[in-house]
């Protein structure tokens, strides 16, 4: 891809996100989301592979439908209340339409079908942008409108997302699809606490990004797209593959790693809200995710592929791991001791 075109796309991506995050008017928020959609399309289709073109087309159609719903929701609210302010979304129909629109943009169940397919059709670096940067503006809109949203609907969608993200990830052999279903499952954790503690949703999203970024960067470094290639990639950069296991276990939410923190805080908050059955269900559903994270970790570090065909070991590379990757790896594993600071925050 032309460097100038890539720079323009990435700049537009951050510009669109900034416009949406900082706006208080619905039209400006919608404009930012549209800029985001148009900016990511060249990055999805840059390989010119039929699969990438298909992914770009699907992404455009899904996001266009979601944007139209969001615009319709804000116009309905303005029609009945005379308010274009994002925080003044009070009309029940508008709230329902907005929840649907943002769920489509994020990939929450039952509007999740597009996300794994699109992630599978793109490169790992573009997949990283789709799983982290592009989810921030819709989540910001959910945070701003959280007092008006229906808690029962969000809880039902959250539990369904956690369940489907776990179940559907079990039989996947492609690492990008596994990470897509992992993203859907984590979105369920964010959505369940949104109405009761919006700050906690934001903390969960930040920590999810912190854990997902190094996994994508590591897989991109060792050029791994399938479980079978992952099991022979350990010879390339052994220390990096060893830390990949810790990152995956952190994403699964095992103590004493960083990923345990958001799950701990969310279960604690749900218990305070007298939603112990819901907390129990979503905690049990996270065990499904733990299974496929363990399988990934097992393939990455412990086993060789059980095939009759002899796989050649890949040459060990001399190139050093980038500083950015190592920084994110450290943060994704060792942030749990900072939890008292989060408790102390107002």
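A Cβ is built for glycine as well, from the same backbone N, Cα and C atoms used for every other residue.
TrEMBL has this to say about the protein:
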| type | residues | note |
| --- | --- | --- |
| DOMAIN | 23-287 | domain 'NADH:quinone oxidoreductase/Mrp antiporter transmembrane' |
| DOMAIN | 290-343 | domain 'NADH dehydrogenase subunit 2 C-terminal' |
| TRANSMEM | 56-76 | transmembrane segment |
| TRANSMEM | 96-115 | transmembrane segment |
| TRANSMEM | 152-171 | transmembrane segment |
| TRANSMEM | 178-196 | transmembrane segment |
| TRANSMEM | 202-219 | transmembrane segment |
| TRANSMEM | 240-261 | transmembrane segment |
| TRANSMEM | 281-304 | transmembrane segment |
| TRANSMEM | 324-345 | transmembrane segment |
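Within its own chain, the transmembrane segment (202-219) has Cβ neighbours under 8 Å at 124-125, 127-128, 131-132, 135-136, 139, 143, 175, 179, 182-183, 186, 189-190, 193, 225, 240-241, 243-244, 247-248, 250-251, 258-259, 261-262, 265-266, 322, 324-325, 328-329, 331-332, 335, 342, counting only residues six or more beyond its boundaries. The stretch from 56-76, 281-304, 324-345 with the most CB pairs below 8 A to the transmembrane segment (152-171) is 281-304. Contact check: the transmembrane segment (324-345) against the transmembrane segment (240-261) gives at least three Cβ pairs closer than 8 Å, residues 6 or more apart, which meets the contact criterion. Ranked by number of Cβ pairs under 8 Å to the transmembrane segment (96-115), the listed stretches 56-76, 178-196, 240-261, 281-304 are led by 56-76.
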